[in-house]
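To keep things clear, I will list the structure first and then write my remarks on it.
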Amino acid sequence: MNTNLLDFDLDGLAAYCEQLGEKRFRATQLFRWIHQRGASDFDQMSDLAKSLREKLKACAHITALPVLTEHVSADGTVKWLFDVGGGDAVEAVFIPEDDRGTLCVSSQAGCAVGCRFCSTGHQGFSRNLSTGEILAQLWYAEHSLRKRLGTGGERVISNVVMMGMGEPLQNYTALVPALRAMLDDHGYGLSRRRVTVSTSGVVPMIDRLSQDCAVAMAVSLHAPNDELRDPLVPLNRKYPIHELLDACERYLEFAPRDFITFEYCMLDGVNDQPEHARQLIELVRARGDGRSWCKFNLIPFNPFPASGLLRSPAARVTEFASLLSNAGIVTTVRKTRGDDIDAACGQLAGDVKDRTRAAERMARQRTIVLKQVP
């Protein structure tokens, strides 16, 4: 069996090297070559013994995901569409800013949560990504951007957010080794504060992540009460808001930051009224023993045809943000980036899936016609 070495964190790679009869320090060397230097050719790895390089050539590989398309926005945002096979594709987005470079990474092909305002959720769920498929997005983005920008080997991506396609905590087994590789000083060397997992609220896995790999946490809240959140985020029927907020408080005991970020997609006439802001204020004040324990990130909705939803007017978003801020809650409004390259997460991948399904339908129709010919 030929093994993709992107599928391992350092401990996993060490175990693999031991199976080959090698010492652990060889895994550390190999890990650095892969993740810090972006090497995919074992012959490039000059400090590895030739005997090990020959072993690896026979049983392993370092393979990124095929890139279907790359779109570069006028504001510098880059979106890649990666082929994960079976007619599925996933997206990763690089967002450059003055003081950081953030990569938004996907964890699943499709998503089973089915949030009403999410383009990915409307596609349905295909499968979980492997650890290697998650890391391959970072590996490709980091090293292709280094070459393009001519950084001389300096790191381009300073922050990773698991906010692409899929619910990360429903792919827990693959997620945690990927996070560990991002944090490892022999890998990407990112701090726990600079890696964020965004979840729609898988309560048991929030608790588990706090013990296994506590990074920064963002929660897709989007509503101040269960009645409103149930149809927007169907997972809320299983883990209602009070259970979710309890889990957030428990997570803070282990988190690298002293706050949870609540993401709140602003939907015209749905969840953007002053009464909704006041309900959020009540939720926040009921917890935290008077201390500041969360912040809100208000997100302008990226419309797509199947949603039946509209973006809240800018003036209403400003008013909503002011109500929260005046109550002492740190509140930001996310800048829209990459509007000219299909900004809504999942739209490009959805186009691929739609074309694949159309081709399959045409193939079935041709088969039926051929069978009917006497």
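Here the Cβ of each residue, glycine as well, is placed from N, Cα and C on the backbone.
Under DSSP, Glu91 (active site, proton acceptor) is assigned to a strand (E or B) in the three-state scheme. Sequence annotations record features per position, and here Swiss-Prot assigns active site, proton acceptor to Glu91.
What Swiss-Prot lists as active site, S-methylcysteine intermediate is Cys345.
DSSP assigns Cys118 ([4Fe-4S] cluster binding site) to coil in the three-state reduction, outside any helix or strand. For Cys118 ([4Fe-4S] cluster binding site), other Cβ atoms within 10 Å of its Cβ number 24. As annotated by Swiss-Prot, [4Fe-4S] cluster binding site applies to Cys111, Cys115, Cys118.
Look at Asn302 (S-adenosyl-L-methionine binding site): DSSP puts it in coil. Feature annotation from Swiss-Prot assigns S-adenosyl-L-methionine binding site to Gly166, Glu167, Ser198, Ser220, Leu221, His222, Asn302; the stated evidence is sequence analysis.
DSSP assigns Cys104 (disulfide bond) to a strand segment in the three-state reduction. As annotated by Swiss-Prot, disulfide bond applies to Cys104-Cys345.
Looking just at the domain 'Radical SAM core' (97-340), the mean pLDDT is 95. Annotation comment: Swiss-Prot describes 97-340 as domain 'Radical SAM core', evidence class sequence analysis.
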Recorded positions near Glu91 (active site, proton acceptor), in sequence order, restricted to Cys104, Glu167, Ser220, Asn302 and a 10 Å Cα cut-off: Cys104
Candidates Cys104, Cys111, Cys115, Cys118 (recorded positions) - the one closest to Gly166 (S-adenosyl-L-methionine binding site) by CA: Cys111
In three-state DSSP terms, the structure that Ser220 (S-adenosyl-L-methionine binding site) belongs to: strand
Alpha-carbon spacing, Cys111 ([4Fe-4S] cluster binding site) to Leu221 (S-adenosyl-L-methionine binding site), which is rounded to whole Å: 17
